[in-house]
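Q: Annotation source Swiss-Prot lists active site, proton acceptor at His26. As annotated by Swiss-Prot, substrate binding site applies to Arg22, Asp23, Ser176, His205, Tyr296, with the evidence given as sequence analysis. The Mn(2+) binding site feature in Swiss-Prot is assigned to Asp23, His205, His207; the stated evidence is sequence analysis. What Swiss-Prot records for 14-266 is domain 'Pyruvate carboxyltransferase', and it gives sequence analysis as the kind of evidence. Swiss-Prot lists Arg22 with the feature site 'Transition state stabilizer'.
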Amino acid sequence: MSTKDIFFNPIWDVRMTDTSLRDGSHHKRHQFTKDEVGAIVAALDTAGVPVIEVTHGDGLGGSSFNYGFSKTPEQELIKLAAETAKEAKIAFLMLPGVGTKEDIKEAQNNGGSICRIATHCTEADVSIQHFGLARELGLETVGFLMMSHTIPPEKLAQQARIMADAGCQCVYVVDSAGALVLEGVRDRVAALVAELGDDAQVGFHGHENLGLGVANSVEAVRAGAKQIDGSCRRFGAGAGNAPVEALIGVFDKIGVKTGIDFFDIADAAEEVVAPAMPAECLLDRNALIMGYSGVYSSFLKHAIRQSERYGVPAHQLLHRAGQRKLIGGQEDQLIDIALEIKREQDSGATAAH
């Protein structure tokens, strides 16, 4: 059976996934409470959001010293979300090497029905066994090719083929750094669509670090993407994700059906999601540097922490992280960069005297 048959639904042309409760976990330092998750899931479900992603920001098993500890165990939040949603499916993210096969099984037992497996865009092969397990369990599968801006479209399409052959039903172009600009999205999505045909759908996950999350998502749809991510109020890492409420407004205006009510999702963003945010997701200097330099969006909070600890500018940390082409999982190298900048500052002060 082709993906056209599996995913056909007369109420949408594009299926939306709200990732406020996963990508937003980065912005909230993984401190979601059960009350917040229950309220947000209920509001998104009422608005007609078909898929809601719930996990630690770094996926199953992400609660750790390296990534940050969760206030509430993620499996409890997945279970609560599944019990709260009346129509929406609950998705969960896992990164091979962070999460395990047992984590996937537990998430399914707690009500998760869509397994989203993420790898760096050149390492799709590490996801093969996890896709195999997810399909054996009867889970819907989605693949994330993170930091998709770092390799050309034809190389990305080859990696997408690895995921599709392993059992992935939709492969995402993931602009983890918010670094892609319009045609960069279009070319990558088109390459994946051409490679995968009816074997798997193509999706797009954008960030706002250059202010292009919505525009890039429109480009993705016009190039053939059938699944799109966003977060209410841009609740995500860096400057946040493409705001779902804005995406729905734009899609309504250009005739792309999503099945989500614009006014209900605007209400959810304003009245339910916003109060759960520690602050608005800002397109400030730090976020812009990440988009401009191609830095993984979740590095923001880690860079701010090391900036405060060592007394060095966060935007300089982020720029050097981009120069070194660091990827997700290498957040600890920000400490080395901070020490390097600190030494340069100290030697400069000494030389001045």
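For all residues, glycine too, the Cβ spot is worked out from N, Cα and C.
Small disclaimer: the values here were computed from a predicted structure and weren't measured.
How buried are these features, and what lies next to them?
A: DSSP assigns His26 (active site, proton acceptor) to a helical segment in the three-state reduction. If you draw a 10 Å sphere around the CB of His26 (active site, proton acceptor), it holds 26 other CB atoms from the protein chains shown.
Cβ neighbours of His205 (substrate binding site) (same chain, under 8 Å, six or more residues apart in sequence): Thr19, Phe144, Tyr172, Val173, Val174, Asp175, Ser176, Ile228, Asp229, Asn241.
Annotation for Asp23 (substrate binding site): same-chain Cβ neighbours under 8 Å, separated by at least 6 residues, are Glu53, Gly57, Asp229, Ser231, Phe235, Gly236, Ala237, Gly240, Asn241.
Using a 10 Å Cβ-Cβ cutoff, Arg22 (substrate binding site) registers 31 neighbours.
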Q: I need the least crowded one of these binding-site residues (Ser176, His207, Tyr296), counting other C-beta atoms within 10 angstroms of each C-beta.
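A: Relative to the other binding-site residues in Ser176, His207, Tyr296, Tyr296 has the fewest Cβ atoms within 10 Å.
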Q: Round to a whole number and give the Cα-to-Cα distance in Å for the pair Tyr296 (substrate binding site) and His26 (active site, proton acceptor).
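A: With distance taken Cα to Cα, His26 (active site, proton acceptor) is 12 Å from Tyr296 (substrate binding site).
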Q: May I ask you to report the DSSP-based helix, strand or coil state of Tyr296 (substrate binding site)?
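A: Looking at the DSSP assignment, Tyr296 (substrate binding site) belongs to neither helix nor strand, so coil.
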